[in-house]
Structures are given as C-alpha cells and as structure tokens.
Amino acid sequence: MTIPDRTAQLQTLRDSLRPGQRRLADWRGGPLAVSAVPGSGKSTGMAAGAAIAIANFQLHARKQLVLVTFTRSAAANLKVKVRQHLKDLKLPYNSFLVQTLHGLALNIATHNPEVSGINLDTTTLVSPNQGNRLIRTAVEAWIHDQPELYHRLVEGQSFDGEETERLRRQSVLRTEVLPALAYTAIHEAKSSGLRPTDLSGIGQQGPPNIYQLLEVAAGLYEQYRLLLSQRGLIDYDDMILAALKALDDPDICRRWQTQIFAVFEDEAQDSSPLQTRLLEKLAASPLSHPDGEEESPLMAAGVRGENLVRVGDPNQAINSTFTPADPVFFNQFCDANRPHHLATIAQAGRSSQKIMDAANYLLQWVNQQFPSQEPPFRAQAILPVPPNDPQPNANPAPLGQGVELIKPADITASVKHIGQRVRDLMDEWKQAQDNAPSGERLQPPTLAVLVRENRQGRFLREILEAPDRLGFDFAETTGLKIYDVGSRDRNTQVPLEMLRLLQFIERPHSPDYLKSALRVLVDRQRIPTQDLNPLATNPEQFLYPGPLDPPLTTESALSARHYCNSLLRARFNLPPYHLIPFLGTTLSYNQSELATADKLAARIAQQTSEDSTLSTMIGALQEIVSAERFDAIEAEDAEAQYTRPGQLTIITMHKAKGLDWDVVFLPFLHAKLIPGESWIPPQTEFLGPASLPDVARAQIRAYVHGNTVIPDISNAWHRANDLKKAEEFRLLYVAMTRAKRLLWMSAAKQAPFAWSNPDNLQEGEPCPVLPVLGRFMREQGAGRF
Ligand SMILES: Nc1ncnc2c1ncn2[C@@H]1O[C@H](COP(=O)(O)OP(=O)(O)OP(=O)(O)O)[C@@H](O)[C@H]1O
C-alpha cells in the first residue's frame, strides 16, 4: 500500500469516530485519560486508536502496543476489532497484543523466573476452592499461635463465661468472622503492595481498639503467606507482585519497556493500586536503549514519560466493596491529567433519549443525597449523538413508553407483569413482521431481566415456567426460551455441595462438617436461614439428643435436625453409588442440576470401580472440586450467548456489565437491597455493632489513599456503609444503561423480608430513587410509579 493510500485510510478511520473517540485516534504519545459514559463506544474508539497508533509509530513484533482488558471475552472481542483494522490498513498483526492484566503479569513473571521466583514447573496457581481451604488452615494456625488475641475476640464486648456461649462464639469466629477477615485484609493489603508487617504498622498508627484488629489481620496474612510458599502455590496478587519484582531489575525492565511501546487499558476504573503500578512501569519509556536499537519515533519527537492510555467510566465502578478495585485511582489519574491529557466521551448511541434521561436523573439525584463526602458519581451526563453519527440506528426509537415504572401488588405479580409485557412485545414484533414489505426481516427485540441476586432469578424462572402460576404458557405463547445464567452457575456448585454432604455423612461428629452441610441446606432453601453455630457446636447433642439435653426450641432448628437425620439414615439404607442421586433429590435439584449430579456420580463410579467405599468416593470428589475441572470454564463467546435474540435472559446486574439488550426489566428494586442498609448478622453481635472485615478494609484503604488519619472502628464502619450504598447506586446505573429501547423498573408493594424465603412477604420500601424518578418521568410524559 502506498503512503498516500494509507494516509487517506487513516483519515477515513478517524472520521468514523465520535469527537470524544477521536482523542484516541489523535493520541501522539504520553499519558491520556479517557472518561467515557455508558454506551459511548469505548472499545470501538480504543480499537481504532490502537490501529492508528500502530500505523503512526510503525510498530512491529519487537515494539508492540499492548491492550489490557479485564476479562478474556473482552480481550477476544477487542482483538477481532484491531485485527480487522490492521487487515484493512495492511499492517502486521504482530504489532499488538491483547491480554488480561493477569495474563500480562504471568507472561512477564514466567519469562524471568530467576528474578520473579515464578517457575511454571514448580509453582501452581491456587484455585478459589483451594484458596478458601488455605484461609481456613491459616485461621487455625493463627488461633494456635495467638491464643491471647483470639481469647480477646471470644470475650467480645462482654462475656459471662457460659460454656455453650463460648463454644458458639468460637464457631462463629473460626468458621465465619476470621476467614472473612483474612480473605478481605489479605487481598486488600496484597493488591496494594503491603506486607504483613505493614498491616501491623498501620494498626499501630491508627486509634487503639480492643481487638487489635489489624494486628490480627497481619497475623492471618503471615500464616497464609507461609502456607502458600510451603505448598509451592501462588495467587493472583502474587502474579502481579512477581511481575513487578522482575521489573525491578533494570535490565529486564529496559527489555520490556523497549518491547512495549505503549499500553492501552480498558475498564480502568476497576484497577487496584498494584495493577496500576505495573501498567505505569511498562508504559514508561526505556531509560536508555540497548546497542543497535534505533531511537523510538516518540523520543525523536521529544516525547518522554509514560505512553499510557487509560479508558474507563468511574460511574460504572461496581467491584470496589468486595474486591480491592477502587475507582479513586482512575479518578486521580483523570484529575492529574486534566485538562490537556483528559478526554471525555459524553455522547452515546446505545439508548433512546428517555433511558438516558432516567440514568442522568439518577446520577444527579444520588449525588445530591451525598453532599458531605466524595460523590458516588463523577458528574458526567450521557448525551445523544448528532444525526450524522456513524453508528447505524444510534439512539433508537423507544419501545412502549421508553421507560416504564410499575408498582405491582407483590413479587409474584411483578413476574406476571414481566411475562405479559414480554408477550405483548413479541406480539407487536410479529405484527410488524407480518406488515413488513415482503422479504424484509425485522430483528426480534433482545430481552433480559436483571436481578440483584441469583435467588431472585430462580424465583422468576420458577413462575415463568409454570403456566398455572403465570396464567399462560410462556414458552409456547412467546416462542422464547428462558436462559437463566445463574442456574448454570448453580450447576457448577453441584460437586462442592455433594462433597459437603458426603463429608458430613461420613463424619457426622465433626462440627465443621455438620455446619457445612447445614449451610448447603440453607443455601438450597431446604431449611430456614438461622444461626447455625449453636446447632453445630455439639453435633452429638444436636443429632441424637439424650433425655437430659435441652430440647430444640425453634421450628427451624427441628427441621434442620430432621434433614440431617434423614441424610445419615441414607448412608445405611443405600449403597454408596446411590448416594449422589439421592442427595440431589433431597436438595430439590432441578432437571439440569440432577443431570449434572448424575454425570458426577457416573464419573466417580468410574474412578472408584476398584474400591467403591464412601471414603474413596469422597477422595475422588475432593480431587474434582480442588481441580475445578468438572464444569467447562466460561466460553469466550459467553457474552454473545447472553444477548441472543429468541430468549429471555435472566442475569445478575453485575454480570450484565458491558452488555446491552433492546428491552431490560429491573424488578424487585427495594430499598433493602438498593442501596441496602447497614446490617450485621445477629450471630456476630457479640463483637460489637460493626462488621470487622469491612472495618479492616476501610482502615487499610484509608492508608492506601494517603489519608493521614486511620479511622477508628465506628468511623470505618460508617465509611464502609456509605461506600456500599454509593456502589449499589452505581450498580443500578449500570443496570439501567444496559437498555436500548425499553427500560422497565418495578418495586412491588409486598416483598420478602429475605430472599432466602420468598414466601415471607411484608411491606417493601421501594429504592428511594424510584418515587422521585417516577415524578420526573411523569413530567417528561412517561412512567406510572
Ligand atoms: N464510532 C462509531 N461508529 C459506529 N458505531 C459505534 C461507534 N462507536 C460506538 N459504536 C457502537 O456503539 C455501541 C456501544 O459501544 P460499546 O459497547 O463499545 O460501548 P461502551 O462504551 O463499551 O459501553 P458500556 O461502558 O456501557 O459497556 C456498539 O454497538 C458499537 O458498535
């Protein structure tokens, strides 16, 4: 291709972008922050910007552009787009790499095993189940090592020395509070580059508290670290740490910096401090050049510093209260690069105007509710694109009223409303199809229900699949399948649930096994939610009470005993290979879960054909669970499966991030979940009115954010709750902005007290934004809330 040809093509590619996206096309080195609204085409802009940079800087296999995304499926999508541009421009494909952040870190670490300490022959990445077991072992080791600190926790706020209560508290601490504290504090600290001694230091710097919370966290972290290294295991944070360690070596660092010309990062609002540090380091220009290497075009042009382009949307940060991700760092990057190296993409073509109005209203209203502190949202409104926008059918015409707000009588009525609305929409589409000029095919609308938690999805699906409860046959009338994404996730739980129940059946006198089995029964809604610790502390007494033992006083506890006894009887009445199908029925598995259980039973029977005792079965099952290889890992085209026409997708709001549908239903929007209320489980009340893992997280973050004062327990708990509320509102914003043509929202008058028991209804307060949004939309001519 001649140079003028390519110049013209690059110009055409640039012209195909929106003004905000063009900042990516016009990038000529140095840092650039791009803060973009939902649906604005971040990845479209990034792919075009990458191809243009590759052309401008003549990149090749030894001087590449690295694009970093968070999920493998996002990486696959981006790769396809960049390759297409390079093909059109006749540029080499090896001039770029698309990787997830962890993939990139692993690549660097394993290329330099002598410095990073990571060698794929001798180290293994810890699986989530293995990680959980290690944390439990670390807790036991810490209790053994630190009896005084442990005793202080058992004493709690006050204690009268009663033995049953002591046992109950020990069970709560060993199996709930300390594992959660370890998990949270270790990830939070590690992903910020802090060591156990640093945690102790922060604890000493902060106000004293009776539990010496961060000292406890530091001890747990140290035990976990020891266990990992004894077993030759690493976790995800170790990968990044190892990559950074390798880059501390000046020669290795120069090699990578020379190899990597620039880094483009997507979803930058979800980065942890350590991840940010890794990208900054890689994106820095090499200090000097190895002999024979020509000066980079950038250096020749006098540009120095980091070639780092970070694209994200702080308003879609929805992982910061349960992972170490924090939008603060991306916001800081944006502010540091203001005004010359900060671009905003405010125009978006995804949704119709009313949906954008509703999302913008939510953002503004929520920020007004949090006047005294950091606002939950960056003040950034979503604007429509101009009429000549390159996106076909941008800002599409609304379906129905565009935004519909409904207040059904109860949650069953909410599902019926959804069923009927879907039926009407499909009828309208069929009618339009019939009336269309012959040969023209109208696409059916894509449809999804977004839920806050999987139990709501299960409830929805059960009604939609029961014609007598719904009032009509959903599948037959609408021609749609129901694709419940959570049920596939529940399927992957089957091996672990079987393991827990079989371990209990084999050793019913172990308090831990009894408690795990009871938890499975609660999760599967076989028995009511309750404090399981008093039941599990003395298994003998719970399972086979003597005449002098105090009787169980609640229906819930009696039902728990009944289930456990029937599980134990099965051991004597059934041959081992029949146990798994029996347990599946006991847990009331649906058809596909039962099929998974059968497949599992067949696999185990095959593996244990020589010796089919209960203990060999458990061994085989344990291996399957540890390796987590029973169910196929998420396919790269999973996202395309979620948004196919011809189905009603039921998916959580978290998983829906990055996707969109023509019609989005958001039922069950109650204040209890969005924004939620500060709540601690009754069984941990003896520790005081705060959740210790959340407190530890808030204290560590205060330090990492550079605050000079570490908050005390009460202030840290307050802060944790405010952040949680802010994040719930952002989650609602993400959910609303998934809709292209119709956004349907509802909060029923009667809602469950807890979704573990959807039959127990009470008056349900709607999410506070709904009534005001209803008023606003009515003024705009839509909505009925
Ligand atoms: N310049 C453009 N020309 C044509 N189509 C575009 C352009 N920019 C974006 N689009 C289209 O807009 C849609 C939304 O883009 P995309 O999904 O990348 O948005 P996003 O910013 O990543 O959204 P979110 O943050 O909400 O997930 C896509 O269908 C994309 O093809």
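From the backbone N, Cα and C atoms, a Cβ is placed for every residue, glycine too.
A TrEMBL annotation is a machine prediction, not a hand-curated record.
Marked as domain 'UvrD-like helicase ATP-binding' by TrEMBL: 15-352.
The ATP binding site annotation in TrEMBL covers ALA36, VAL37, PRO38, GLY39, SER40, GLY41, LYS42, SER43. In sequence order, ASP313, ASN315, ILE345, ALA346, GLN347, ALA348, GLN380, ALA381, ILE382, LEU383 are the residues near VAL37 (ATP binding site), counting only same-chain partners six or more apart with C-beta under 8 A.
Look at TrEMBL and you will find 353-658 tagged as domain 'UvrD-like helicase C-terminal'.
Other C-beta atoms found within 10 angstroms of the C-beta of PRO38 (ATP binding site) number 22, with every protein chain shown included.
Same-chain neighbours of the ATP site beyond ALA36, VAL37, PRO38, GLY39, SER40, GLY41, LYS42, SER43, judged by a C-beta within 8 angstroms of the site's C-beta center, are, in sequence order, GLY45, ASP313, ILE345, ALA348, ARG350. Ligand 1 lies under 6 Å from the Cβ of GLY39, SER43, out of the binding-site residues VAL37, GLY39, SER43.
For the recorded site, ALA36 (ATP binding site), the DSSP three-state label reads strand.
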